[in-house]
Amino acid sequence: MNPANLRSYLPLILAVLLSFLGYFEFTQHLDRTDFPKLIALYTALFLFFWMMYRNGKQLFWPLAVAAFLFRILTLWEPPNLSQDFYRFIWDGELILLGYDPYFENPEALYKGLREVLPNAEVLLSGMGELSASHYSNYPPLNQLFFTLAALLGGASLSGKILALKLMLLVADVGILFYGRKLLGFLQLPKHLILLYLLNPFVIIELGHNLHFEGMMMFFFLGGLWFLFNKKWLWSALFIAASISIKLIPLMFLPLIFMFICEREINLRSRKFITAVIYSCCVLMLFSLSFTPFFSLGNLEHFRASVNLWFSTFEFNAGIYYLIREAGYLVKGYNIIGSVAPWIPYITIATVLILAFRKSIKTPEGLITSMLWAIVIYLLISTTVHPWYLITPLLLSILAGKQFVLIWTGLIMLSYYTYSSEPYAESALLLFLQYGIIYFLFIKEMVLGETIRAF
């Protein structure tokens, strides 16, 4: 290789090598209570990500391989930013023993199962009191993956964690596959999928900390690919599977309906009939996934657990915190019980308004409408955990937008909350995060201006 060419690649090579060191340190020697170290490491990894993409996006496959090597490096250590995986394994073990994960909460089951459930005490204490005292809120297909991990992982906890990580690694291979296809279909550069693959936010939150939004988005992107190619049954199957992992894609169904019928509400129209049949297939397939667990009691338990996220929990919120503070000034107490129930209705109204936009008739318009819907939902939510950004991140890449990409760099500031006991959020860091995001959201989505940070 020409020495001059080699020198031009030195920043790229340096960024890759330093990223390996950064991921090693992040996964091996970091506790989430150590916020200064966490944010310093993450900032460095995000900078290396920027350097890799800016200097090497033309070297697609070498960088894609590097992205998966980063993931492989994290396989051998348990998650250190989230304890959700303990509940995943608990639910999977319950199913293997013939128990229904929706029927009772872990605290109630523990005494009767501690002799037969492997690592029962470790799992119960690890998942935390909040999870242990509530019914499972993970949909059925997600439960299948938990069960496979419990089955394939052997007797050790580390084996089950490895099984979960390998599943999400395979899901990212699927996202690479369908992401490139969709970008090509949308006439966007295929190298844009590197903004997902190389992003330390994705590698840490999905590959290392085991959040199944990655599996959900694999099925969702596959569903979009089949949708755009008018392979209706395959699309319905993939979209239903994504909903049966996480419920979030359900909000996009009215948008997909209007895309298929091209905004033509005519009972005799072939497109309208196709949209109706497609939507019914999605809902039927999703409903069928509950068949092994079906009972009115289980449905009520599942509904109650999901409702908790709207009515009780608060974390890293945006607009909601402003409303809450106004409530304290006017009412003198936390008004979450009054405000939170309105969030689903506002989200539904937003989706219905978006569904009647003229642009919904095109693939580009559909994806942009989905991006609007999920971002507005997150901006008004009471709880915005970092991994919730996986959906808008991929949609923003397909829409050619970058404000969510910058949000993935900022949202790790939310881990400041865990640096003290009892947990306490920083108003300054919340203002910094959301101030920048509101500005960029308005600039790119409302005003239509271009952001090119990467």
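Cβ coordinates come from backbone N, Cα and C, glycine included.
Residues or ranges marked as transmembrane segment in TrEMBL: 6-23, 35-53, 59-76, 144-163, 210-228, 234-260, 272-294, 306-323, 335-357, 369-390, 402-418, 424-442 (among others).
With a threshold of 8 Å between CB atoms, the same-chain residues lying at least 6 positions outside the transmembrane segment (272-294) that come near it are 100-102, 139-141, 143, 232-233, 235-237, 239-241, 243-244, 250, 253, 256-258, 260-261, 264-266. Annotation: stretch 306-323 has the most Cβ pairs under 8 Å to the transmembrane segment (369-390), among 35-53, 210-228, 306-323, 335-357, 424-442. Listed stretches 59-76, 210-228, 335-357, 402-418, 424-442 were compared with the transmembrane segment (6-23); the greatest number of C-beta pairs under 8 angstroms is found for 59-76. Listed by sequence, the residues of this chain that lie at least six past the ends of the transmembrane segment (210-228) yet keep a Cβ under 8 A from its Cβ atoms are 79, 82, 84-85, 88, 138, 142, 145, 161, 164-165, 167-168, 171-172, 174-175, 178-179, 181-182, 185, 202, 234-239, 241-242, 245-246, 248-249, 256, 259-260, 363, 367, 387-388, 390-391, 394. The stretch in closest packing with the transmembrane segment (59-76), judged by the count of Cβ pairs under 8 Å and taken from 35-53, 234-260, 306-323, is 35-53. Between the transmembrane segment (402-418) and the stretches 234-260, 306-323, 335-357, Cβ pairs under 8 Å are most numerous for 306-323. Looking at which of 35-53, 306-323, 335-357 has the most CB pairs under 8 Å to the transmembrane segment (234-260), the answer is the stretch 335-357.
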